[in-house]
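What Swiss-Prot annotates here:
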type: TRANSIT; residues: 1-44; note: transit peptide
type: MOD_RES; residues: K182; note: N6-acetyllysine
type: MOD_RES; residues: K185; note: N6-acetyllysine
type: MOD_RES; residues: K185; note: N6-succinyllysine
type: BINDING; residues: T266, S267, G268, T269, T270, G271, S272, P273, K274, D496, R511, K602; note: ATP binding site
type: MOD_RES; residues: K343; note: N6-acetyllysine
type: MOD_RES; residues: K401; note: N6-acetyllysine
type: MOD_RES; residues: K481; note: N6-succinyllysine
type: MOD_RES; residues: K513; note: N6-acetyllysine
type: MOD_RES; residues: K547; note: N6-succinyllysine
type: MOD_RES; residues: K547; note: N6-acetyllysine
type: MOD_RES; residues: K573; note: N6-acetyllysine
type: MOD_RES; residues: K573; note: N6-succinyllysine
type: MOD_RES; residues: K602; note: N6-succinyllysine
Amino acid sequence: MRATAAYVGMLRLGRMCAGSPGVLGARAALSRSWQEARLQAVRFLSSREVDRMVPLPVGGLSYVQGCTKNHLLSKTVGRCLEATAQRVPEREALVDLHENIRLTFAQLKEEVDKAASGLLSIGLCKGDRLGMWGPNSYAWVLIQLATAQAGIILVSVNPAYQATELEYVLKKVGCKALVFPKQFKTQQYYNILKQICPEVENAQPGALKSQRLPDLTTVISVDAPLPGTLLLDEVLAAGSTQQHLEQLQHIQQFLSCHDPINIQFTSGTTGSPKGATLSHYNIVNNSSILGERLKLHEKTPEQLRMILPSPLYHCLGSVGGTMMCLMYGATLILASPVFNGKKALEAISRERGSFLYGTPTMFVDILNQPDFSSYDISTMRGGVIAGSPAPPELIRAIINKINMKDLVVAYGTTENSPVTFANFPEDTVEQKAESVGRIMPHTEARIMNMEAGMLAELNTPGELCIRGYCVMLGYWGEPQKTGEAVDQDKWYRTGDIATMNEQGFCKIVGRSKDMIIRGGENIYPAELEDFFHTHPKVQEVQVVGVKDDRMGEEICACIRLKDGEETTAEEMKAFCKGKISHFKIPRYIVFVTNYPLTTSGKIQKFKLREQMERHLNL
C-alpha cells in the first residue's frame with residue numbers, strides 16, 4: 001500500500017503554516033519553523049487509513065479535515081427529486097397536518113413540475129429572484145423545489161418581517177416575484193406589502209410597476225384572490241400545458257449544479273442583512289452528508305419519518321429538512337405553520353415520527369408540555385438540535401425523555417449551507433452535551449489564535465474558520481463584504497470562538513462579535529440600537545443578550561434618555577410593534593445613566609451584560 005502525505009490535509013496545513021500573507025499574515029511567518037516541526041512528528045497514513053478513520057486534529061494543532069471517502073454529488077435539486085421519485089414513487093413524501101395534505105414522491109414530483117413550468121409561463125426566467133414570504137406550509141416546500149427545478153433563485157424571506165425589512169431584502173436582490181399567504185394570525189402579508197407597494201391594488205396581475213420596488217412585477221397569493229395578484233392555483237394550471245412542460249425540460253438541460261439556487265439573509269454587525277447565496281452543489285451535498293452522519297441510509301421506511309418544527313426560511317429547515325428528506329426518501333411532516341410544542345408532540349404520536357429537528361428552545365417547550373407523558377413517542381429514534389448553544393442537562397433530557405438515543409448536536413452557519421460539525425449518533429451523552437461534534441466529510445476547519453496570527457493549540461480558544469464545498473458563493477451584490485468573510489484561500493471566518501480537543505470534538509465557547517441568539521434567531525445589537533435611536537426621547541442605547549433558561553438568550557435594551565425626558569418600558573415596546581419583527585422586541589428595557597467604559601472611552605458590553613444580569617436577578 002503506497003504511503004501518502006494525505007493525512008487529513010497535511011500538505012494544506014503545511015502551506016498554511018508557511019505564513020502566506022493571505023492566510024495567516026506576518027506573525028504566522030515567524031512561527032513557520034515551529035509549526036513545521038510539529039507536523040514532522042506526525043506519522044503519514046495511507047489513503048485507505050484516512051478514509052476509514054474518524055478525522056483527528058493534526059500535530060497538536062486545531063486543524064482537521066473531514067474524510068473524503070464518498071464523492072461529492074454534481075446534481076441539481078431537480079435531478080435529485082427525479083431520482084427519488086423513480087426509486088420510491090409510492091412512499092409518502094410530504095405531510096402537512098395543518099392543511100391536511102399528503103403527497104407521495106411521485107405526486108410531489110408532478111406538482112413541482114407543474115409549479116416550475118407555471119413560473120416560467122408567467123414570465124420568470126432562469127436567474128430571476130423569487131421571494132417566499134410566509135410560515136411553514138406545503139406551498140413553501142412546493143415553491144422551494146419548483147424554483148430550483150426552473151433555475152429561479154429562491155429568496156427566503158422571514159415571515160415576521162415588517163414593511164421596512166421586507167422592502168430592504170426585496171430591493172437588495174432585485175426580486176421579480178413574491179409569494180405569500182394573505183395572512184397568518186396577526187401578520188397581514190398583503191397589507192404589509194401595500195405599505196411599500198401601494199400600486200399592487202390597481203395593477204394587472206403579473207404586470208406590477210412599483211416606484212419603490214422597481215424589479216417586482218409579479219405577486220402570487222397562496223390562498224386568496226387579492227387585487228393585483230395571481231393565485232398559486234392559477235400558476236399551477238398554467239404550468240400544466242404540454243408546451244410549458246416541454247419548455248421546463250429544455251431549460252433543465254442547461255442548469256448547472258454550481259448555479260445559485262437560494263439566497264438566505266443573515267444580518268451583519270452593521271445591522272444590514274446580507275444575502276448569503278447558495279448553489280445546488282452547496283445544498284445537495286450538505287443535505288446528503290448530514291443524512292449520512294445520521295445514518296439514514298441504514299433506516300427502514302418506517303424509520304424515515306421526520307417531524308420538522310424548524311422554520312423553512314432557515315437553512316436548517318430547508319436544507320436539513322426538505323432537502324435531506326428528498327435525498328433519502330424520508331417523509332417530511334410539517335406539524336404546524338409555526339412552532340407549537342403541543343402540535344409537535346401530536347405529530348410524533350399521530351404520524352409515528354422517528355426524527356425531530358429543532359432549536360434548544362423548541363425542545364424545552366416540548367419537554368415542558370403539561371401533558372407530555374400522555375403522548376406515544378415510542379417510535380422516536382433521533383434527530384438534530386442546532387441553532388444556539390444547548391445546556392448539557394437539556395441534551396440528556398432529550399435523549400432520555402423523548403427517546404432520541406440517536407440525537408445529533410449540529411453546528412453550522414447559513415454561509416456554510418449550513419452544517420459543518422455534528423456528532424455521530426453513537427457518541428456518548430457526555431460528548432453530545434459538551435460539544436457540537438466532529439468535522440463533516442469534505443470540510444476543513446481550523447481555529448485561529450487571532451493574537452498570534454497562527455493556528456491555535458488544541459483546547460485553546462480562537463476563531464473558527466471553515467473551508468470546503470459548503471462555503472457560499474458569496475453575499476449577493478456585495479463583493480467587499482464577501483471578501484471580508486471569505487479570504488483568498490476560500491476560508492470562511494465564522495466569527496465564533498471555539499476550541500478543539502484531541503479527538504476532534506469542537507466546542508463553541510463564545511462569539512467574536514456581539515450577536516444574540518434568541519431561540520435560534522440571530523439578532524444583532526447594532527440593528528436594534530439604530531432603530532431605538534429613531535425614538536425622539538432616546539439619547540443613547542446599548543443592546544446586549546442576557547441569559548435565559550428557555551430561549552438561551554433574551555434581548556436587553558439599556559437606554560439613556562435625553563435630559564428632562566421620561567418614558568416607560570411599555571411605551572418603548574409599543575414603539576417597536578409593527579416596525580421590527582416581534583422576535584427582535586427586547587424582553588427587558590432598562591433605563592440607565594451611564595455605561596461601563598474602557599480607559600479609551602469604549603463601551604464594555606461584556607461588563608454591561610454582567611450588570612444587567614445582576615440587576616435583573618438572572
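Even glycines carry a Cβ here, placed using N, Cα and C.
This view paints the features noted in Swiss-Prot onto the structure.
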| residue | record | DSSP class |
| --- | --- | --- |
| K182 | N6-acetyllysine | coil |
| T266 | ATP binding site | strand |
| S272 | ATP binding site | coil |
| K343 | N6-acetyllysine | helix |
| K401 | N6-acetyllysine | helix |
| K481 | N6-succinyllysine | helix |
| K513 | N6-acetyllysine | coil |
| K547 | N6-succinyllysine | strand |
| K573 | N6-acetyllysine | helix |
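Residue pair K185 (N6-acetyllysine) / K274 (ATP binding site) shows a Cα separation of 28 Å.
For the recorded positions K185, K274, K481, K513, K573, the largest tally of other C-beta atoms within 10 A is found at K274. Comparing CA positions across the binding-site residues T266, S272, K274, the one lying closest to K573 (N6-acetyllysine) turns out to be S272.
With respect to their backbone Cα atoms, K481 (N6-succinyllysine) and K513 (N6-acetyllysine) stand 16 Å from each other. Counting only the Cα atoms, the space from K547 (N6-succinyllysine) to S272 (ATP binding site) is about 25 angstrom. K182 (N6-acetyllysine) sits 27 Å from K274 (ATP binding site), taking the C-alpha atoms as the reference points.
Looking only at Cα atoms, S272 (ATP binding site) sits nearest to K513 among the modified residues K343, K401, K513. For T266 (ATP binding site), the nearest neighbour among the listed modified residues (K343, K401, K513), judged by C-alpha distance, is K513.
Of all the recorded positions in the list K274, K343, K401, the shortest Cα-Cα distance to K513 (N6-acetyllysine) is found for K274.
The Cβ neighbour count for K547 (N6-succinyllysine), using a 10 Å radius over every protein chain in view, is 12. Recorded residues K401 (N6-acetyllysine) and K274 (ATP binding site) have their alpha carbons 39 Å apart, per Cα-Cα distance. It is 33 Å from the Cα atom of K343 (N6-acetyllysine) to that of K274 (ATP binding site).
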